[in-house]
Amino acid sequence: PLTGTMLNKPVLLESLIVFIIVLCVHTVVWDRYSWCVVALAIQAFYVQFKWDRLLRLGGAVFQFRTTANSGLLPASMVIPLLGIVMKERCKAAGTVYFERFGIVVASTGMVLALFLSVIAVGITRPVPTNTCILSGIAGSIILYTMKYSLTVSEVIEVLEVLLIFVYLSMILLYLLPRCFTPGEALLVLGGVSFILKQLIKLSLNVIEGRGDPVHFVLLVAVAGVVLLGIFFTALFFFMDSGTWTSSMFFHMMTAVLGLGVLMPWLYHLIQRNPLLWLLQFLVQTQTRVYLLVYWTLLAASACMVVLYQNSKRSSESKKHQASTITRKYFHFIVVATYIPGLIYDHQLLYIAAVLCLVVFILLEYIRYFRIKPFGQTLRHLLTLFLDERDSGPLILTHIYLLVGMSLPVWLFPSPCAPKGTLPGGGALVPYSGVLAVGVGDTIASIFGSTIGEIKWPGTKKTFEGTMTAIFAQIIAVALILIFDGRVNLNTSYAWILGSISLVSLLEAYTTQIDNLLLPLYLQILLMA
């Protein structure tokens, strides 16, 4: 029993931090949805222990990541809170369409989280009565609120997302064992299914001039990548993926899907030729060309780092793991990539992040299926930079890094922001990825591993690491204030300081993939 209590301490503290974040958001925004979120948080807290027990005993239906706890509470809070904050922002700006959209996001998040917890309660034996009662109460509160605040079409949208989520999670969790914890599965698959639903909805009723072409690129790209992955997994289930024929087949099918399915689809959505539009877009202004050149240089330097490390490895020994510091080189490169993009050109950064994501995932497919010319070399190069969190067959940390940095840019509610920025602390919203992951996490791991003495109870993270992280993020905010003229903080310094410290504390205690969770929480706090 003693080891059990020791193991549960970080979990309890993590849950406490998440509760504090939820309450902070609700001190600003309090309406009928808040009751739903609080009820959901409490029942997720209870269900989390059930999931942990299932994972330890191996009773869960799919294989999840073994090293981490289930992380249901932090993940199930993200989507509802995001929706609520978005709704408030758009209400203040007076755009009704996006206000309704925020409400739909919030209720979708609640329904998905509730679904996951009900599954956990359902497969636990013996049946946990108290947790069942709690889940029932939370579910009834949520359904009651939804009945009075959603229209019929919105309810149908939420159910659509749930349906896509169920199918996706069945397929993906079966195909990729040990890649996610339940919480991460909820976040990643929930996001993907929401994107698919948006894409279907927008494709069925295209209105002239509605929406930015930039947003459609993200939707179509995600849908295409997911479809491609499922298709290839089904295909290479039957044939050997290491041969030249299958390699030719892979490249041909990618080209066919890209040019024959996704391009017409994009054309249908934005009503002009996507490739021509993209070229025009990339060379529209002088700064864009400069930024593109700068980014190409950075990418080349990143490749140089990988190759240099590899040559060092082959000369030294077989079992040479890259140290934490070398892994954080990439974080620095990413920060250097994002900050000029954020200061000068949001839209270009948006597109570049989407394209980069597609490239990363295609490379991951090539490595995973060992497609002929490059698959084996990629596999060899990337094993050097493995994290303890990549226990599954996929290497996902770098993709999570990219997604975590660009989520604040993708989710930035531009229609609700007059003059391109939100008032007060909201002006820092696009920077939340850079702050939380790029600055905070990097500095914390470097200082914590070099000078850290005092450990936080129950974890490997150190007190010094967290303190330096908070300090570095404050310095970064000051630098952003100097360089970006549009950011104007008025009086919200205390709020910014509080949210940065909360997120850094969460970084110390969570065992989930912090590249994904931290930017989202920082964004939620800053938007509130």
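Cβ atoms are placed via backbone N, Cα and C, with glycine included.
TrEMBL entries are annotated by machine, without manual review.
Some features that TrEMBL has for this protein:
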type	residues	note
TRANSMEM	6-25	transmembrane segment
TRANSMEM	98-121	transmembrane segment
TRANSMEM	127-146	transmembrane segment
TRANSMEM	158-176	transmembrane segment
TRANSMEM	214-237	transmembrane segment
TRANSMEM	249-270	transmembrane segment
TRANSMEM	290-308	transmembrane segment
TRANSMEM	350-370	transmembrane segment
TRANSMEM	391-411	transmembrane segment
TRANSMEM	431-451	transmembrane segment
TRANSMEM	463-483	transmembrane segment
So which residues does the transmembrane segment (127-146) touch in its own chain, when a touch means Cβ under 8 Å and the partner is 6 or more beyond its ends?
32-33, 35-36, 39-40, 42-43, 46-47, 50, 107, 110-111, 114, 117-118, 121, 155, 158
Long-range environment of the transmembrane segment (249-270) - Cβ separation under 8 angstroms, sequence gap at least 6:
202-203, 206, 213, 216-217, 220-221, 223-224, 227-228, 231-232, 235, 241, 277, 362, 365-366, 369, 371
Look at every Cβ pair spanning the transmembrane segment (214-237) and the transmembrane segment (98-121), keep those 6 or more apart in sequence, and say whether at least 3 of them are under 8 Å.
no
